[in-house]
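This is the structure, below, for whatever I ask next.
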Amino acid sequence: MEIINKTAKVQFFFRPFSPDPGVQMVIFVTFLVMYLTSLSGNATIAVIVHINHSLHTPMYFFLANLAVLEIFYTSSIAPLALANLLSMGKTPVSITGCGTQMFFFVFLGGADCVLLAVMAYDRFVAICYPLRYTLIMSWSLCVEMMVGSLVLGFLLSLPLTILIFHLPFCHNNEIYHFYCDMPAVIRLACGDTHVHRTALYIISFIVLSIPLTLISISYVFIITAILRIRSAEGRHRAFSTCSSHIVVVLLQYGCTSFIYLSPSSSYSPEMGRMVSVVYTFITPILNPLIYSMRNKELKDALRKALRKF
């Protein structure tokens with residue numbers, strides 16, 4: 001009972017990137033610019049798809065939902081990170097607040113990973129079964145797969161978050177990170193964390209390896225189908241619709257796998273914090289840039305929208 005009472009009163013603090021206020025301010029401005037760029041870029045994608053009827057297809061439906069997910073995903077991290085950068089790590093976060101941030105981060109990140117697998121399936125059907133595409137990818141199926149992505153993210157996040165925050169936290173309350181990341185928080189517990197680390201690894205493996213396997217299988221069939229296309233222009237168009245998705249998948253899965261699937265004995269707090277910047281701030285910026293640069297229909301819709309203003 002005494003440990004529970006101690007844990008309930010715990011307040012966490014985030015370790016500053018640097019003890020120098022000047023360096024912290026530079027990092028704050030960098031994070032703020034990245035966050036605003038991510039918000040504006042992803043919001044633009046979502047709005048353009050919504051207002052342009054020619055983009056009301058399954059591919060762009062999933063892309064718009066990915067953009068919305070990225071907005072909420074980054075927003076679950078950025079405000080608290082920015083506040084701590086300004087205060088030199090003196091802004092406290094309660095154990096409830098830390099748990100809430102962790103839940104939404106894993107929930108939205110897990111849904112993001114599943115949605116990327118759904119998008120790979122959409123491209124597989126479009127390229128391998130073009131004549132049956134509209135029949136297979138019905139709007140009801142698209143909505144069901146989108147809702148399924150969110151439900152899976154929720155079901156994976158909730159039990160893991162509850163499990164971790166049943167750990168006792170005593171004296172050490174400085175998180176070596178800029179948000180409540182699971183490996184960093186588990187390191188602060190003053191009890192046995194073997195079960196929790198195992199659960200984190202298993203759920204991370206499910207979230208990352210299963211969708212990535214499905215994506216890889218989809219692209220084996222996609223590439224085989226593309227190579228059978230006789231026209232060079234046809235092959236180029238088919239590759240261009242997939243290349244953006246491949247780049248995003250490599251960025252997202254590569255960085256998250258490095259953090260969550262590495263052995264706990266080799267986990268480096270400093271490296272973990274730096275790599276996390278990539279998939280929490282940089283990847284959400286790159287997603288709209290990659291898709292808009294590689295997609296002619298999206299670029300044309302964006303130009304038309306800008307002309308109206």
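Along the chain as shown, residues are numbered 1 onward.
Just so it is clear, glycine is given a Cβ too, placed from its N, Cα and C backbone atoms.
These came from TrEMBL, pasted as-is:
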DOMAIN    41-291  domain 'G-protein coupled receptors family 1 profile'
TRANSMEM  25-48  transmembrane segment
TRANSMEM  60-82  transmembrane segment
TRANSMEM  102-121  transmembrane segment
TRANSMEM  133-158  transmembrane segment
TRANSMEM  201-227  transmembrane segment
TRANSMEM  239-262  transmembrane segment
TRANSMEM  274-293  transmembrane segment
Are the transmembrane segment (201-227) and the transmembrane segment (102-121) close, by which I mean at least 3 Cβ pairs under 8 Å that are 6+ residues apart in sequence?
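Stretch pair touches.
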Six or more residues out from either end of the transmembrane segment (102-121), which same-chain residues have a Cβ under 8 Å from its Cβ atoms?
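Residues 59, 62-63, 65-66, 69-70, 72-73, 76-77, 145-146, 148-150, 152-154, 156-158, 160-161, 164-165, 179-182, 185, 207-208, 210-212, 214-215, 218-219, 245, 248-249, 252-253, 256, 279.
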If I count Cβ-Cβ pairs under 8 A between the transmembrane segment (274-293) and each of 60-82, 133-158, 239-262, which range comes out on top?
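Of the candidates 60-82, 133-158, 239-262, 239-262 scores highest.
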Same-chain Cβ contacts of the transmembrane segment (133-158) under 8 Å, 6 or more residues past its ends?
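Here the qualifying positions are 58, 61-62, 65, 103-104, 106-112, 114-115, 118, 121-122, 125-126, 203, 206-207.
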Excluding the flanking five residues on each side, which residues at least 6 beyond the ends of the transmembrane segment (239-262) place their CB within less than 8 Å of a CB in that stretch?
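Residues 59, 109, 112-113, 116, 119-120, 123, 126-127, 181-183, 200-201, 204-205, 208-209, 212, 215, 219, 222, 226, 272, 275-276, 278-279, 283, 286-287, 290-291, 293-296 contact the transmembrane segment (239-262) from elsewhere in the chain.
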